[in-house]
Structure formats: structure tokens, C-alpha cells
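Remarks on the structure that follows.
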Amino acid sequence: MSSPSKPTFDKSRSELFVRSLPQDATSEKLSDFFSNIAPVKHAVVVTDSTSGLSKGFGFVSFADPDDAQTALEQGRKSKFDGKSISIEFAKPRARGTDGPKETNTVVQKVEKRRPRLIVRNLPWSVRDTKILVKTFSKYGKVVDAFIPRQAGGKMSGFAFVTMRKKSHALKAIEDSKDLKIDNRPVAVDFAVEKEKWVSGQGEEVNDDSESESDEEEEEEEEEVSDNDQHNNEANNAEDNSEDDDDDDSEDDENNEDNDDAEGEVTTKFKQRPAPNSFTVFVRNIPYGATAESLKEHFEQFGPIRYALPVMDKVLNQPKGTAFVAFRDEDDCNNCVKSAPLGGSGSLLVADDADPRYVFEGRILSITKAVERETADKLATASANERKKLLGKEPPNKDRRNLFLLNEGRITPESKLGQTMPPSELEIRQKSFDLRKQQLTKNASLHLSLTRLAIRNLPRAMNERALKALSRKAVVEFATEVRKGLRQPLTQEEIKRSTKFQELFGRNGSKHGLVRQAKIITEHKESGGLGRSRGYGFVEFRDHRSALMGLRWMNAHLVSKDEILEGFIKGEDGGIEEKVDFSESTRRRLVVEFAIENAQVVRRRRETQERVRVAQEKRAKSSSGDQSESTVAEPEKKLGKRTRDEADPASENKNVQHLIGKKRKMKKMGKN
């Protein structure tokens, strides 16, 4: 039998007791305060069960005693919310004299606890404990692994690994200095000093002595001090009540009556409603509002647990919002149900406004409080909606398609850029800078989804060859994707192309895959066209084809065969000898999405629409004339002929008239 004087567990060097906390102190604030000094295992502020406000003291636990010592020294020099606080090491709770028989029973069951390691900086991608077991098995036998999570299922970024022997744990710490898990370096150390814990039968629980705030405090301590038994606690919370007792700290005489109630903490906590179920969130309160004035005002609806104005952590100034917690659910629901609808934007108080929702001349906006994660999502959605209403963020966030500016850009750091000469990289960079400058200065400019600008074209290449090369680019891109040599288009890019087709009605294939290929040429003094200037434009049928063409043609070396595609084979013979390839050096094409002026594009579309309407009208009138001229004559008598049949000259005249009319329509359609 072990000596009764030997302590079962001493965590006084890793847990701090904090006094002189302000009344509005919360566990989250306390954790944030000490997290700036050292990693905090958990922090809790003891609150009053009646008012819900802080009792003025709390506990902060650290995984490492050295961290606790550092927090003790630096915390005494700092101020908590502008107030000096008293910090000291927590002392174990003084147990009552329950008789030698019970004490001996507990001491006989003392046994050694397995050495436990804490793994810090754990990547959030590690969600399965099997990964930890596999990683640490090379250092020795792994008894257990546990990855704690935050509220809402978020990962905490650390984990606990229990080894079978202390030598295994020491080896893991020594050999894991350069350890990486999922390509992320982690830090491994002892979670706490060598602990001793007691396992016994649960005692009779006294429910009446357990306050609401004490349940929360002891549950948090239970989660930290008994991580090795996390699986058993969920189903056997009462059986492990004595383990929880040995891990509690006691510095206030009001907590001495809670010794027998800790076994049912987890069960009772699960039965209680969520912390925010009776809480409302209040907006539009004056900046000078206090907790006392808010509590007094909202007591018109029913008993209040607490009222807490929200402070900006950075500026330490009120935000104009507050949380108010009711004691009864019906009072909370009635407060929210009868609240005036927000969103009117008026600063004036109406004559018929309910005085219960007017606080110091302001109409209050009241909603049910939600979890922090949900609140963040709602705030983001509301901010985006406000931007849309103000016109700052239209539904299509990038109407000018500026995201396409980087499409086709080759940087010196890329694999392809490392193989290119500096002169070509300089050309590309200058082009990028110029385009960026143009788009920044002129808001009417945008990037086309279907039109490409191509530079570095061989002088010998004509428009027919450029069009053939553009068609070839789309086909080759699809072939390379099918062979696994190139990445396919993303679903987002395909969806974007579909939206473009629906918007502009380009679902048909009237103009083929490539709608237009144009090379800019020099103008001679005589008025004729000169040689190519080395750049041109290609317009594809849809955005999807344009992306495929750009990615294949960009940095492509144009061959002689591709240049000769623009000339009709067999025409006058010896075409290759007639084409001047002297300036068609092996230069890589520079392909980018073309910059267009929105006003010019709009005028062009209006002109095209007018031409289309005019053509339809002419087609209808033409079909009407033809139908009139070809109407069947009355039944002809045998042996008789019509006037046209009798006069061949008249028939020829009608045919010539129709041919001339068709030529005229064709000419107007081209223009």
C-alpha cells in the first residue's frame, strides 16, 4: 500500500489561478489574453449562476509547466482590459475528512498513467488518428491517439498521443525534431508532467449543489485532464466521477459543495439547451450604453441573466451592439417575435413605436444570437448583399473579364520561361505591362472572351493560314487532352463558355469554329495593301474554343507547312519558291485575349443587328415577289400557251431581273 501522504496528482505547476477579473470577463477573453504569452490548454472564468457575470476569478491551464511560469511572470506585468489582475499557481482542492476507510480505498487504486505527448502545429488535413498511430509507432508502442476539435467540428491544430512506456515517449521527442506530418513540420513534447489518476466507482450525485457556471467550468477541466479516457467518458461519465475530482482546482469556498456533483457534469450539460438558445443580439445601441442600463431596460420582457455590450478588440471601443441573455425561453422568443423589422434606414422614432424597443432615443434591432461560425457566414453574406445594392459589387463581379489578363502569361520562373531567350520574355512582359496600364486607366476597356490578339506572326503568313492554324490549335488541344498530355478545361471555364453562348446566342455553327482571322498589314502610298505587320486577331465561335486555341498556340513555333496552308496548292506551281521565308524566323507566338472598347463593341452589335433585320425584310419581300411571279396561271387549255411561254425574250428578262436582285442582296449582306 502506498503512503497516504503521497499526492495523487499535482498540477500546480501547470495551472494558474487568476483573481481580480472584471465583471464582464469571459473565458474567451481570458484565453485570448494568455494566448499572447504562451499556448493555452484551456481557460475558464467562474460566473455567478444568478447574474451570469464573472465572479472575479478563473483558471488557466498550460500543457507545459515552463509555459505556465512564463505566463505567470509576464501576466503580472500586463493588464486585463485595462485592469491589473492577480495571478498565482493554482492549488489542489482541500478534500474533506471522509474517514480513513475511504481514503485507503482510493489510495489502493492509484496506478501509473501512461506518458502522453502533445503534437503541436498539426495540419488540419489530419483528421484520422490512424495517421498519428502509424507515425509514432516507429518510436514504440502507441496506446492511444486523440485529435480534439473546437466547437462546430473545427480542427484545433494539435493532438495527443499516449505511449506505452516513458522511454518510447522520450525517443519520440528526441527523434521527431525534424518530423513532418502531411508535409508540415510539427513539434512534439510531453503534454503534462507524469500524472497519476484514480479510477473508482461513481459516488452518489447531488444535483442541487451544481450551478450552471460550475458545470461548464468542470466539464472543460474534465476534457483537458482526462483526454486518455475520452472514449469512456461519453458512455460512463458517472463511473469516472472520482477521476474528475482529483483533477479539479479549488480556490473559492463556494465550490467546496460541488465535490459530489462532478460525475454527472457531462450528462447534465448535454441535456441543457445550447448557450445561445435564450440569448438575443441587439444592434443600434448607443456607444455609451452599459451592462447595467441594458439589463434594466430588457427586464421589461422578463428576468435577465446578463447584458453584455460588445467591444472592439483592436480599438477597445464599443461597437454599438450587445448580447442579452434571458432566463426563460418564452421571454426570449417574445422579445424577438415582437421586435420591429429592420432595414427601413430611418433614424427617426415613429410615434407608434413600441417603447420597449426604444433605448435612449434609438430603435433597437433585435435578432436571435447564433454560433460564431454562423455569425461570420451571415456577416459575409450581408456585406456582399450591401455591395450589390450599392452597385459596388454587381452579380457578375468582373464584368470587364480582367481575370483573363494573366491567361497565357509566361514568367521567367516557369519551366517554359526558363527555356526562352530573355528577348522574348521581355516582349511578353512589356505587352503585359502595357495592357494592364490601358485597362487601369480606361474603364470602358475590357478583355474579350472570344477574340485573341496574336503577336510575333511570321511576315509570310496570310489570313487563310492563320485561320487554318487556329482551327488546328483547337483540334490538337483536344487530342493532347485525350492522350493525357495536357490538362483539360475546368468546369468553371466550360460553364463560363456556356453562359456566353446563352447570352449572345452563339450556339449555332454558321460561321464554323473560327469566325474571323485578320492580319494587320501596312498601307502602300498607292492605296494597296502592303506586307504583314506581324500581328493579327482571331475570333472564335465561343469562349471554350478561344481558351483551347490560346493555350495551344501560345509560345508555338510556326512551321513552313503551316505558313503554306494559306496558299492554294498547285496554283501556278512552285509556291514554296515564291514565298519569302527570310523574315519568318523561328519565333514563338505571343497569344493573349484581345482588349476591346465596350462602346465600339456595342455600336458594332447594333450595326450587325440592323443589317440582320434589313436582310430579313429583303428576304421576305424577295420571297413575296417570287411567289407572285410564280403563281400558277388558270388552267390552260390544250393547244394554248401563256404570254411568257409564247415570248422567250420576256422569260429571259425575268431571269436576268432575279439574278441581278440576288447579286445586289449578296453584295449588301457582305457590307
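Along the chain as shown, residues are numbered 1 onward.
Heads up, the Cβ atoms here are built off N, Cα and C, so glycines get one too.
Features of the protein shown, as given by TrEMBL:
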- 204-226: compositional bias 'Acidic residues' (COMPBIAS)
- 239-263: compositional bias 'Acidic residues' (COMPBIAS)
- 621-630: compositional bias 'Polar residues' (COMPBIAS)
- 633-646: compositional bias 'Basic and acidic residues' (COMPBIAS)
- 659-671: compositional bias 'Basic residues' (COMPBIAS)
- 14-92: domain 'RRM' (DOMAIN)
- 115-193: domain 'RRM' (DOMAIN)
- 278-371: domain 'RRM' (DOMAIN)
- 450-584: domain 'RRM' (DOMAIN)
- 195-272: region 'Disordered' (REGION)
- 612-671: region 'Disordered' (REGION)
Counts by DSSP class (helix H/G/I, strand E/B, coil) across the domain 'RRM' (14-92): 22 helix, 28 strand, 29 coil
Composition by DSSP (helix, strand, coil) of residues within the domain 'RRM' (278-371): 20 helix, 30 strand, 44 coil
Three-state composition of the domain 'RRM' (115-193), taking helix and strand from DSSP: 24 helix, 26 strand, 29 coil
For the domain 'RRM' (450-584), mean pLDDT (0 to 100): 83
